[in-house]
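**Student:** Taken from TrEMBL, the feature domain 'Homogentisate 1,2-dioxygenase N-terminal' applies to 9-281. The domain 'Homogentisate 1,2-dioxygenase C-terminal' annotation in TrEMBL covers 282-435. Per TrEMBL, active site, proton acceptor is recorded for His294. Annotation comment: TrEMBL describes His337, Glu343, His372 as Fe cation binding site. Per TrEMBL, the feature homogentisate binding site maps to Tyr352, His372.
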Amino acid sequence: MVTDWEDLKYHSGFGNHFSSEDPRCPNSLPKDQNSPQICPYGLYAEQLSGTAFTAPRETNQRTWFYRILPAVFHEPFSPVKSDLITNQWDKSEPNPNRTRWNPFDIPSIEDEKKDFIDGLATVCGAGDPCSRHGAAISIYACNSSMNDRAFCNADGDFLIVPQHGALRITTEFGRMLVKPEEICVIQQGIRFSVDVDQPSRGYVLEVFDNHFRLPDLGPIGANGLANPRDFETPTAWYEDRECEFIVVQKYQGSLFQSKLNHSCYDVVAWHGNYAPYKYDLRKFVVVNSVSIDHMDPSIFTVLTCPSLKHGTAIADFVIFPPRWSVQEHTFRPPYYHRNCMTEFMGLITGKYEAKEGFQAGGATLHSCMTPHGPDSACYESAIKDECKPMRIAEGSLAFMFETSLSLALTHWSMKSCHRVDHDYFKCWSSLRKHFTGPK
Ligand SMILES: O=C(O)Cc1cc(O)ccc1O
Ligand SMILES: [Fe+2]
């Protein structure tokens, strides 16, 4: 069947309990119960648990699939070698330096065919999927589609930020088109395949502890930042296709593969609240100071993965969208700072206000307590600013993965990708004294 991905229908809302049927099979969802003796259309019922059975009701997440064959129908897993994906940090030398990467290479199809799985490389991370605590940040750079191959992450949830090229993502729940300036979340255990039309690149944040949720709004009130109704979840779609199909599963930081004799996208209907979603970052409602001073970037939090320490995230996903800047007699760019959290930044498009030389498709890492802030040119210009209302970051979109974990860097990111900008520290080397001395 030919799909027009631009016309796909989605369910709207964050964290809702959805009911979804492929329109080709009306009434395929069982009525009034999850496990009838025989399901409609002779489907198999299968539960996917995203939280412990006994998790409190407000956090409990699970989905019921009604599928042609249950996922259990597969050959045993065998290991797949992967040099680029890792969740083992003990081989890394600690390195507190401010690090900047020039745009990560996108492989040309003439050189080497690479799909989303082949093109996924870990940049940094901490913790461990075995103890279910930690996070990892990766880059994907690929040029071909995952034909009859699916990926399934048993270790945690993926938040995917496309930077170049749209992703056509097929999941067990249905399909979603995710373009640059949109993001998607595909949770632990959900099988998905990524198709691309052109060489493509983006960023991935993986969390092991918990699922992402919307941040609390506190005194902001009931509206603002990312509004729940703007999150979109795929609607049921299936194919009944016999073929040689491979599922690649990441488990304890290593890859394994297993063969099926059919497409794993055979879910005719599903219901539940454990489901992937996408979000258009242009819909974010920006809140900021309208009097004086620079607010902390937590006001730009789209999604947060909380830790057990109240108010402290395993990882926040924060964006720096185009907005009005109106604060008076204020140093408007980001302040100089040292942070107990670690900040990884990426640039989807345009420029980042506080830094020359930060390029779209590249990244920066400012590790915990490593000093950073605007470059010298930004400082000199901001202290002379007339502070009139003005648009900032027009046509630009930067983001930050901010984590309470202290991240270790991989050999790939520091050496073999050859993208580290060794002159990054020079951004600050022409800072000069402005001290006027005692009167
Ligand atoms: O370091 C950065 O560029 C990110 C950042 C932006 C900001 O406006 C305030 C604090 C902060 O860490
Ligand atoms: Fe910062």
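Even glycines carry a Cβ here, placed using N, Cα and C.
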**Student:** Would you pick out, from the recorded positions His294, His337, His372, the residue whose Cβ has the largest number of other Cβ atoms within 10 Å?
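**Tutor:** Top count of Cβ atoms within 10 Å goes to His372.
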**Student:** Between 0 and 100, where does the mean pLDDT of the domain 'Homogentisate 1,2-dioxygenase C-terminal' (282-435) sit?
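**Tutor:** Overall, the domain 'Homogentisate 1,2-dioxygenase C-terminal' (282-435) comes to a mean pLDDT of 97.
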**Student:** Measuring Cβ to any atom of ligand 2 with a strict under-6 Å cutoff, which of the recorded positions His294, Glu343, Tyr352 qualify?
**Tutor:** Glu343
**Student:** Spatially speaking, which of the binding-site residues His337, Tyr352, His372 is closest to His294 (active site, proton acceptor)? Use C-alpha to C-alpha, please.
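**Tutor:** It is His337, whose Cα lies nearest.
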**Student:** Within its own chain, what residues at least 6 apart in sequence put their Cβ under 8 Å from the Cβ of Glu343 (Fe cation binding site), listed in sequence order?
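**Tutor:** Set apart from Glu343 (Fe cation binding site) by at least 6 residues yet with Cβ under 8 Å, we have Thr364, Leu365, His366, His372, Met400, Phe401, Glu402.
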**Student:** In Å, rounded, how far does the Cα of Tyr352 (homogentisate binding site) sit from the Cα of His337 (Fe cation binding site)?
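**Tutor:** Cα-Cα, rounded: 17 Å.
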**Student:** Could you tell me which three-state DSSP class Tyr352 (homogentisate binding site) falls into?
**Tutor:** strand
**Student:** An 8 Å radius from the center of the His337, Glu343, His372 Cβ atoms defines the neighbourhood of the Fe cation site; name the other residues of that chain inside it, in order.
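**Tutor:** Other same-chain residues with Cβ inside the cutoff are Pro334, Arg338, Asn339, His366, Thr370, Pro371, Gly373.
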**Student:** Just counting, how many other CB atoms are there within 10 A of the CB of Tyr352 (homogentisate binding site)?
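**Tutor:** Other Cβ atoms found within 10 Å: 23.
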